[in-house]
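Feature annotation from TrEMBL assigns repeat 'WD' to 55-96, 97-138, 139-181, 191-222, 223-258, 265-300, 391-423, 433-474.
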């Protein structure tokens, strides 16, 4: 085996001469065993990653390996139809277990160590006495290949098995009887128990992870785990993480409690056959048909529970809390994730029954309201995540939310052409405001809270008296609008509109009923965002972000285009400004989020620096060598290092602490 040079604590990259089909850590974490395609087993010392032993004996692929709880024996199964128990001290075979009539596909040690199990293409699971090698039970029930097994952590009272008959079964290991049959699966390619034994998880042919309650067999969740077949799955010992691997060459890390994906590890170039966490839960090993083992540092992503943007959890909208300390991201899966706005570290998450792309925070930051692809509004306490109310009354999707200055009321605008006012203390609907003739796309309260201003696709801006419900039209352009943004800033009420078919964003004065400024773009604008200070406007145009600044020249005020951020991240659906700093967050076309800081450099003008990002914002380079990294922290160097085989990657020592500003 060849190991790339390890510098600055980078993780080792092990390369074998043949496909790595199975991996296993010893119970104390001091050794890592690799089962190889040719039938050998290589043992590595994890302290220095040197190979200490090669176990020879199997005549074909080593499909499964497991250490005994005592650490004295190693169990292996092979396509040669045998199971072997090895002495870890001498490397010799203690017992050869024979009886399967088909290839052995998986093996497992019971938690007590007295029993071992093997699964085979002969459609059976066999339970053996680990001391004598005698057969205890032959478990029948599967009608086709059985390719995965796992003991329950309660001493091994049960064993779960998965195979190609679209069923997953649990057996009592003391009686050999079937206890549960879990159906609705494309295949039981891989199975695992949670460390507390409460859940069973399995991966299937269609790229889904399926979770059940182990006591009842009740389905908990079905998650899209990858674009390809899921071949391996496992829990960390501390119960915090789940790892799944796929034949799309990726490993996905999940937060076990919320079942939210937090990172995708990319680096393998072929099917990943096996994954396993180290006993201390800080490291993850993956073995692949590309003849490598990669060791992923879980701690580098553990501090940032960043939901992975994929088809099942695409970020749709973002919003800052009023003091700017926290950022909230709503997703297509209904998960709302809280982040530290400065560092990107994650906080609590909240779960809705609908896609979330509209959010509002109460002025004191204690409540969060969410809406989107639904007629309902759901609210929580932001600090604890405790659910409060579900506001019901709208008859179509909700596009806008805003809290009153005192936090006692919530305003909502909907495709049902109405504005509704809600009592945030009781959850009751206080008032329904009729007058708009098309979708209400923007709402905001006046500084005093006695008025609500709303903007609609019908081309009008209305000001409502919250006491009487009466309104007056302050702007009427007589045309349909594709974008409307209204908000009170440090310079007063700002209104930004875009007519259908126009490339111009118009800034209107509420009282004079005239457009004050026109922001001309190269094509139609997809999104408009007004900064809280009133000095900046961000617009999305043709996949790029345009930044406009209010410039005062004598008695005149003009809006100037000072910066366009193009192409690299393909901005699209949402832009939101941070209240306490000259920063903003964008949602990209792939559902990722990026936090940017505006910086003015003498002689060079304004630039936008990427602070941190979450989700699938990938820098892709094929057959490339990355050199001369500037401003990248040592941790980020490790993340790049473990995804490649190069050792030229070194941090810039003078700027390695600037981990939030990275340039390659």
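Cβ from N, Cα, C; glycine included.
TrEMBL annotations: computationally assigned, not manually curated.
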The repeat 'WD' (191-222) versus listed stretches 139-181, 265-300, 391-423, 433-474: most Cβ pairs under 8 Å: 139-181
Remote residues contacting the repeat 'WD' (139-181) - C-beta distance under 8 A, at least 6 residues beyond either end: 102, 105-112, 115, 117-121, 123-127, 187-197, 200, 202, 214, 217
Within-chain partners of the repeat 'WD' (433-474) [C-beta distance under 8 Å, separation at least 6 from its ends]: 399-406, 409, 411-415, 417-421, 480-488, 493, 495, 497, 499, 508, 510-511, 513
Taken over the repeat 'WD' (433-474), the model's mean pLDDT: 95
